[in-house]
Amino acid sequence: MANFSNQMRLSSTLLRRLHQRVAAAVNSSSSRNFTTTEGHRPTIVHKRSLDILHDPWFNKGTAFSFTERDRLHIRGLLPPNVMSFEQQIARFMADLKRLEVQARDGPSDPYVLAKWRILNRLHDRNETLYYKVLMENIEEYAPIVYTPTVGLVCQKYSGLFRRPRGMYFSAEDRGEMMSMVYNWPADQVDMIVVTDGSRILGLGDLGVQGIGIAIGKLDLYVAAAGINPQRVLPVMIDVGTDNENLLKDPLYLGLQDHRLDGEEYIEVIDEFMEAVFTRWPHVIVQFEDFQSKWAFKLLQRYRNNYRMFNDDVQGTAGVAIAGLLGAVRAQGRPMIDFPKMKIVVAGAGSAGIGVLNAARKTMARMLGNTEIAFESARSQFWVVDAKGLITEARENVDPDARPFARKIKEIERQGLSEGATLAEVVREVKPDVLLGLSACGGLFSKEVLEALKHSTSTRPAIFPMSNPTRNAECTPEEAFSILGENIIFASGSPFKDVDLGNGHVGHCNQANNMFLFPGIGLGTLLSGSRIVSDGMLQAAAECLAAYITEEEVLKGIIYPSISRIRDITKEVAAAVVKEAIEEDLAEGYREMDSRELRKLDEAQISEFVENNMWNPDYPTLVYKKD
């Protein structure tokens, strides 16, 4: 009976989360009121005249009132017509549509990059208006400021660079980082996204140009999670590059030396972490796009001492878990059937191994969380890398992938062998899920998809999760045309739904990390948790899985629309805060200390989160001499 209770615990948690929003609505009438900390307080500034117009943090452009123009000595420096937010947005959108073509930098410059250029210019001039435009058009512009366009931006960043954004720490700065952090003007930083540029999306080593991914991620922290844009910091740690093209490029902006390795590399990252946490002890650091050889090592090195997480390892895993649990629901199976799912994973890099570890832990929890359960869960995965199926017969297996190497006797019974191709593995295993994290575009070939027709599942799931779009293992058109409409499809980059004829639609879910990482960061911030625990990450994944209604799931929809990202992030953050409280990790945030935080019910936690989400409104500016 105890075992059965353990098996049911996770699914019970998910069922509870499915009804959480309804319960919150019922309880809202008796919920406590909290002061909005990201509200409309006047803002003290120490600059006037042209200086204020050239500062994107405070510039309002034509929206400055006449009173403010007098107070800030800018009357006569702007056209006389005072425009509203709505008028500014309308004017910008009209200019954007008109300038998209003109902004192209030659015939090889696609329209998406033209849009990025125009948005970036607005970001340079007026941050508040920029985020207002982004939030009100999130479905259209999230793919521009984030994946897939951010990959193209990183590739061309040396040519696109106009104004600095963020901080750069390099191998040449060893011994100086503790003083360098005080060059950043903000006294408070809540969120840092840091990369070393070694594995940008699926594009490889882009060196210092990888700063673009940190900037794009933080745009979503602001737009989705309501992190104050004056308290975010994108960081590039430049330890060199092994990209030969960049080493020879006279216009490349980074160090033109081969990458540091070993202890020298670790020393640079250690110095950076000590410096930022010395100046900003409560900051949260998200590691982004570090190559696999360092991603796990750095995560294990820092996660128990600093408020940090690795989105490629932990965020991707959480999004995948939410999708896998959604796939179980979409197949009409009870949640406790998840440990019975057969999953073939293509790709054994940091993202692939992160998903495997998280899925195995989730299965083990549902099976009773014992050593036997953990071992049993291992048998549900078949991992294929560039050399084929990974088995115990392979020499020099990556230590992180070794727990998932198949036993020889197991695969021989299935008619497989070491190094078997992906198509062979799919044909013999007949998996419920085919998951791609290989960064190899087109890997799910016609042969592989034909093999999936023999799946024992009534509704197999296909997850080509690699980014950017060109690295997707297959397109939705390919999947639906070969396998028919009775599949679940989710990709890392956005695709349009597929018209299957006769009024039927093939839903293209986007299994994007943006559904989780903003909420994980916001929840960690507001809880004041000392670390980002596995339980907090699991709570985030379960919340996302439960966000989709039963009706949506049965239609093949397992991830929500990006248009709902603000509400999704609020729910995920509330789940993270609640878990931090339950694990006794929460230390509180601002006026809400840990004791007060523990008194809140679910509806009140949700309200607390919402009241601390920044909104892009122009504050009243008051000048004070410095």
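Just so it is clear, glycine is given a Cβ too, placed from its N, Cα and C backbone atoms.
Copied from TrEMBL, the annotated features are:
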| type | residues | note |
| --- | --- | --- |
| DOMAIN | 123-303 | domain 'Malic enzyme N-terminal' |
| ACT_SITE | TYR146 | active site, proton donor |
| BINDING | ARG199, ASN467, ASN512 | (S)-malate binding site |
| ACT_SITE | LYS217 | active site, proton acceptor |
| BINDING | GLU288, ASP289, ASP312 | divalent metal cation binding site |
| DOMAIN | 313-581 | domain 'Malic enzyme NAD-binding' |
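Model confidence over the domain 'Malic enzyme NAD-binding' (313-581) is summarised by a mean pLDDT of 94.
Within 10 Å of LYS217 (active site, proton acceptor), counting C-alpha to C-alpha distances, fall the following of the recorded positions TYR146, ARG199, GLU288, ASN467: TYR146, GLU288. Checked against ARG199 ((S)-malate binding site) by C-alpha proximity, the recorded positions TYR146, GLU288, ASP289, ASP312 yield ASP289 as the nearest. A Cα-Cα distance of 13 Å separates ASP289 (divalent metal cation binding site) from the residue listed as 'active site, proton donor'. Across the structure, ASN467 ((S)-malate binding site) and GLU288 (divalent metal cation binding site) are spaced 14 Å apart at their Cα atoms.
Here the C-alpha separation of ASN512 ((S)-malate binding site) and GLU288 (divalent metal cation binding site) works out to 14 Å. The full span of the recorded (S)-malate binding residues, ARG199, ASN467, ASN512, taken as their largest Cα to Cα distance, is 18 Å. Taking the Cα atom of each, the residue listed as 'active site, proton donor' and ASP312 (divalent metal cation binding site) are about 14 angstrom apart.
Packing around ASP289 (divalent metal cation binding site) is summarised by its Cβ count: 26 other Cβ atoms lie within 10 angstroms of its Cβ, all protein chains included.
The divalent metal cation site is defined by GLU288, ASP289, ASP312, and by the 8 Å test on Cβ atoms against their centroid, the other residues of the chain that qualify are THR195, ARG199, ILE200, ILE213, PHE287, PHE290, ALA295, ASN310, ASP311. Of the binding-site residues GLU288, ASP312, GLU288 has the largest number of other Cβ atoms within 10 Å of its own Cβ. The most crowded of the recorded positions listed here (ARG199, LYS217) is LYS217, judged by how many other CB atoms sit within 10 Å of its own CB. Counting Cβ atoms from all protein chains shown, the residue listed as 'active site, proton donor' has 25 others lying within 10 Å of its own Cβ.
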